[in-house]
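Listed in TrEMBL:
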- A:S23: active site (ACT_SITE)
- A:H50: active site (ACT_SITE)
- A:D143: active site (ACT_SITE)
- A:14-178: domain 'CheB-type methylesterase' (DOMAIN)
Amino acid sequence: MVDLKYIERKNREPIKVVLFCGSSGAINVLENFLLNIEQGLKVAIVVLLHRKKGTQDYLVKYLNQKICVKVLPVEHGIQIEKGIIYIIPAGYHCIMEKNRTLSLDLSEKVMFSRPSADVSLESFSFNLKEQLIAIIVSGANADGANGAKWVAKRNGKLIVQTPKEAFAKTMPSSVLEAVDRVDHIVPTNELYNTAAKYF
Amino acid sequence: MEVLLEITQAELADFIEISNNLYGVDFSGYAQESLRRRVLRLMKLKECDTFAAFKYFLANQKLTDNELLNEITVNTTEMFRDPEVFKFLKEEVFDIMETYPRINIWHAGCSTGEEPLSLAILLKEHGLLKRSVQYCTDINSEVLAQAKKGIYELREMKEYSTNYIRSGGEQSLSDYYVANYGNVKMNKGLGKSMVYTKHSLVNGSSFNQMHMIMCRNVFIYLTTEQQNKVLRLFLDSLSPRGYLILGAKESAVFSTVFNELETVNGRLKIYRKKK
């Protein structure tokens, strides 16, 4: 049994969440980003990548070997905690409940994607407001642009990879088009340090 | 720029009340965030810019009960989703089922029926189909009608075929359907073991002793309390040592009845009633 009092206490602590969104060409950027992490990470990181679906999650296995903090696949109802990296499984949308647990959802694809960055950015920003740090990197469609509007409106932080550094620039540049002002536009190597300012 | 629609928690509660009172559809056991997204989607679809406009729309009964249910609930399903699960059933569970004179299987929330058909194919290849009864239930009568027809889109079949092979299928999936006009019709023989009925997991009750219950990707739309209630219902419906199979990313670990279940395979979410 799960200790409910423990969960309740955890819920009251404010927690900052980094939502890392990417698609085509994002995997190298993700690795580069995560390798900067040191022990005692003060935030939770949720990773959303457009991938082909399958039951075996090799990305989780691979990252667990590479990175010094715990990497977990998102399961329905998982309680988000700082110091952990969560990978959204392919084939599900991921949304956040009021009590900071993550839910999965099989509703229709958004922008031809499931998981869709639009869905997660909207839902995470609804529940986290200014505690959300959204990072949008390389990808070949405009998924994330609509979600970014919500992040901006709810005072979350928006960090976008410099489009010309991205393998596929559509995703970062469509965010820049959709939102009047993002917080940072930075090259790949500076993504982590820029985000870390808010940790 | 398109309008950014938004609804508050209070408005969501309002929606639950309206749909219960005017449409007789009870959404109170549904997970909040998922429901909020679905309501926003429906508002956008019906071109309501504010919740007040949407409320007016609902109050004037501009939807049928079934339409409301259709738009809010999610009916995504596919054949042989998570092939490893089916492979496990075929290799580890069917041998035990083989010792039973009759096999009752309940597909709770079967949607358009892809999953019962997948299981029927594997049961057939194991020589068990003739003594199986598969109860396929869903709250939505429209998807059940589709399930009864057994007609699906041809373009999905490529992926299903791959997953069928990975599930340990012994033939070719195309042996089980006839393709025409961009659609496929599944062989009638497969449907002989099925019983389709409308049944709500939110307020329905147990109706038979089951040897296996498959309820995959339904829990993700329910609140924790509702999940516990449904699990209680499943435990009441399972015969001793009966199997319960949940979705690959769902878990019974958090539930209040977990101690009455034994984990057969934690990764694949296959559980068994203790006695």
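Each Cβ is built from the backbone N, Cα and C atoms, and glycine gets one as well.
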(request) Express the predicted model's confidence over the domain 'CheB-type methylesterase' (A:14-178) as a mean pLDDT, rounded to an integer. (result) 92
(request) Measuring CB to CB from A:H50 (active site), give everything in the same chain under 8 Å that is also at least six residues away in sequence. (result) A:G22, A:S23, A:S24, A:A90, A:S113, A:P115, A:G139, A:D143
(message) With DSSP assignments reduced to helix, strand and coil, which class does A:S23 (active site) get?
(response) coil
(request) Run through the Cβ atoms and count how many others sit within 10 Å of the one on A:S23 (active site). (result) 25
(message) Among all protein chains shown, how many Cβ atoms are found within 10 Å of the Cβ of A:D143 (active site), not counting that one?
(response) 30
